[in-house]
Amino acid sequence: MEQLKAFDNEVNAFLDNMFGPRDSRVRGWFLLDSYLPTFILTITYLLSIWLGNKYMKNRPALSLRGILTLYNLAITLLSAYMLVELILSSWEGGYNLQCQNLDSAGEGDVRVAKVLWWYYFSKLVEFLDTIFFVLRKKTNQITFLHVYHHASMFNIWWCVLNWIPCGQSFFGPTLNSFIHILMYSYYGLSVFPSMHKYLWWKKYLTQAQLVQFVLTITHTLSAVVKPCGFPFGCLIFQSSYMMTLVILFLNFYIQTYRKKPVKKELQEKEVKNGFPKAHLIVANGMTDKKAQ
């Protein structure tokens, strides 16, 4: 126990030396004073994916329809609360859309910080997205993009809450909360097979996410062009991180929605040229059993 405490002190001292003094307004808030809980929860998340897949390997997939319905509804409602509260609190604080520093809005800044804590905490709750994929044996959904996005967001927002918990930080979560209302509504509806025919708009969610990232980068860099006292290093780091998401999500979009029609056309031509469907190879390397 003493060794763990010593390690915790060393990690926190290292972070304080790297980023400077923490924002005193968030001292004592749940999970924020020490990085260790966030780090341990992230490692637990990654181990759960690996061990969960091994555990489920020879077991039937679980349905979880009822749990998923409640979960998606809860995340949708939380996202709606954060969206409304961020709009109201930033309006109350008289936030400047181009650049907003950390300490000019008084109680408005504290109100924004409280909502952003819920945003940070929601990233922990969203680890369940992956756990549900594991239990339902949807391993094709557990991509590098999925895991990287979930794990990194939780850790980055721990840093944001400790050093830049308001001001310019409000914009990305405002957009993301709106996107998550759409996303988790979609996920909730997709649990029911009878609703699948109405869910043709999935690819537009990815497009909306890409637009969200570009707008967030633009908003972040606007504070570089016309500074207002918000930490310059944080602006550059946030822009760089968002660029990694743009690259990964754009690659996902191209692989999922741009290359599939080409493959489909090729398969149709092969059938027309006299090749039976049983000889076609599908994406996972298995033959189309329905055609055999």
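A Cβ is built for glycine as well, from the same backbone N, Cα and C atoms used for every other residue.
Taken from Swiss-Prot, the feature motif 'Di-lysine motif' covers 289-292.
Annotation source Swiss-Prot lists transmembrane segment at 29-49 (among others).
Under the heading transmembrane segment, Swiss-Prot lists 67-87 (among others), citing sequence analysis as support.
Outside the transmembrane segment (115-135) by six or more residues, the chain places 26, 29-32, 41, 45, 48-49, 52-53, 56, 61-62, 64, 67-68, 71, 75, 78-79, 81-82, 85-86, 89, 141-142, 146-147, 150, 153-154, 157-158, 160-161, 165-166, 169-170, 173, 176-177 with a CB less than 8 A from a CB of the stretch. If you look up Swiss-Prot, you'll see 115-135 (among others) marked as transmembrane segment, on the strength of sequence analysis.
Residues 15, 19-20, 22-23, 25-26, 29, 31-32, 35, 38-39, 41-42, 82, 86, 89-90, 93, 95, 97, 99-103, 105, 109-110, 112-113, 115-117, 119-120, 123-124, 127, 216, 219-220, 223, 228, 230-231, 234-235, 238, 241-242 of the same chain lie 6 or more positions beyond the ends of the transmembrane segment (153-173) yet place their CB under 8 Å from a CB of it. The transmembrane segment annotation in Swiss-Prot covers 153-173 (among others).
According to Swiss-Prot, the feature transmembrane segment maps to 175-195 (among others), an assignment based on sequence analysis.
The transmembrane segment feature in Swiss-Prot is assigned to 205-225 (among others). The list of residues near the transmembrane segment (205-225) in space but at least 6 beyond its ends in sequence, with Cβ under 8 angstroms from a Cβ of it, reads 97-100, 168, 171-172, 175-176, 179, 182-183, 186, 232, 235-236, 238-239, 242-243, 245-246, 249-250, 252-253, 256-257.
Taking Cβ pairs closer than 8 Å, the transmembrane segment (230-250) reaches residues 99-102, 144-145, 148-149, 152, 156, 163-164, 167-168, 172, 206, 209-210, 213-214, 216-217, 220-221, 223-224 in its own chain, all 6 or more past its ends. The transmembrane segment annotation in Swiss-Prot covers 230-250 (among others).
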